[in-house]
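Remarks on the structure that follows.
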Amino acid sequence: MSLIQRDRASLWHPYAPASGNLPLWEVEEADGVTLRLRDEDGGRHEVLDAMSSWWSVIHGYRNPLLDAAAKRQLGTFSHVMFGGLTHGPAVELAERLVAMAPSAEGRPRLERVFLADSGSISVEVALKLAVQFQTAAGRPKRQRFLSIRGGYHGDTFAAMGVCDPVDGMHSAFPGLLAANVFAPRPPAAATATAEDIRQWRADVEALASKHSDELAAIIAEPVLQGAGGMFVYPAECVRVLREIADHHGLLLILDEIATGFGRTGELFAADHAGVVPDIMCVGKALTGGYLSLAAMLCTGEVAETVSRGAAGALLHGPTFMGNPLACAVANASLGIIDGGAWRSDVARVGAGLAAGLASARELDAVKDVRTIGAVGVIELRETVDVAAVTRAAVAHGVWVRPFRNLVYAMPPYISTAAEAGAMAAGMVAAVAEVHDERDAGLLTGARP
Ligand SMILES: *Cc1c(COP(=O)(O)O)cnc(C)c1O
């Protein structure tokens, strides 16, 4: 049996049925921005990874600095419990995160860090913390959340409960998800007028006002909604959320798990708006895609209020909390970020994507093309044929994982302009071949 056949016999894949014939490739090697794949028939393909392995591998595969950090820590200790013990990698990581977190004059700083083992868990902890904060502050009825339609915050139960109520997984678990309050999606950045933003503010304000005595916090992905639709909205709307939260005594939780560490062109997407949240979640790119690690940061006031409450503690503590190996690699990754080259890297990758994706606008199947930072999105008029587009992209030397009606790229920051351009060209060619046969004829005819 081939490895792929053995996989099919015993493994689950993300959001997939137990058995079926969805295409699957074996990774034989990964290096820089390249994956070396083997298909089910044994054929080999070298592809540029336009996904950064779900947005995490920002410095590329087998990065020498991250490899060295992991090896150094392996030679010391790989894991110790975090109850009653501490270690250098965790302390250094907390200090690094606090130093780089969004800040503004006159606003309390994010200065306390909870290390979690995945993004969803950091969101769980953020939601728990917000409820514990309100209870400790004498407002125990505040147990719900105001979220935004089109949002995605993870797959655990509380996190699912603040994801988009229609496109999220609410309908599969009726009765198990908390009844939260959902504001409309903000207007699209590309077309939003001052009047659109004013109207949206009025809608959110009305909801916050109606439910203020039962709401603990507002939760949102700033500026870019990721897995909920790769949707870009104006930074002004993040300021609106900050003002409404302040006005109604709600905490503002910003989920930077997808957007953190430079992806949108600022270090954090909240920096586009100059907004400092009360609670922030980071994950995905935190370890440069080497190991699973996430973090929740909060202000000193939130941390102290919760610690003075009846519970006397933040009620969470994962077994692998503060895993030293993951923290050591995260420190190396954040060390690269601190070097500052990410800003020009992200600009270069973004420019390469924008130039390469421009021709997609001419395809009949394409509804919209948008970019922000090192993110490039082709939105189709119909649901993507994921299997066919993935296969076509692999044939063009690019690894993508489309979803819903979106084919997008979030390449590693180390991608050259030419590699970003090649990723975009592969995406456009795959969309044209699968979804736009007429243009496919033109495109392939124009190619040697
Ligand atoms: C991926 C993601 C999560 C969940 O992170 P996991 O590590 O997959 O649990 C939460 N929020 C946002 C914005 C994400 O992109």
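Keep in mind that glycine also has a Cβ here, set from the backbone N, Cα and C atoms.
Automatic, uncurated: that is what TrEMBL annotation is.
According to its DSSP assignment, Gly317 (substrate binding site) is coil. The annotation substrate binding site is assigned in TrEMBL to Trp54, Tyr152, Lys284, Gly317, Arg401.
Under the heading pyridoxal 5'-phosphate binding site, TrEMBL lists Gly119, Ser120, Asp255, Pro318, Thr319. Ser120 (pyridoxal 5'-phosphate binding site) has a Cβ environment of 21 other Cβ atoms inside 10 Å.
Around the Cβ of Lys284 (substrate binding site), the same chain contributes Trp54, Trp55, Ser56, Gly119, Ile257, Ala258, Gly260, Ala294, each under 8 angstroms and 6 or more positions distant in sequence. Residues or ranges marked as N6-(pyridoxal phosphate)lysine by TrEMBL: Lys284.
Secondary structure from DSSP puts Gly119 (pyridoxal 5'-phosphate binding site) in a helix. In terms of C-alpha distance, the listed binding-site residues Tyr152, Gly317, Arg401 place Tyr152 closest to Asp255 (pyridoxal 5'-phosphate binding site). For Tyr152 (substrate binding site), the nearest neighbour among the binding-site residues Ser120, Pro318, Thr319, judged by Cα separation, is Ser120.
With respect to ligand 1, the binding-site residues Gly119, Ser120, Asp255, Gly317, Pro318, Arg401 contribute Gly119, Ser120, Asp255 as residues with a C-beta closer than 6 angstroms to one of its atoms, given in sequence order. Taking CA atoms as the reference points, Thr319 (pyridoxal 5'-phosphate binding site) and Arg401 (substrate binding site) are 31 Å apart. For Gly317 (substrate binding site), applying a Cβ distance below 8 Å and a minimum sequence separation of six or more within one chain yields Phe82, Gly83.
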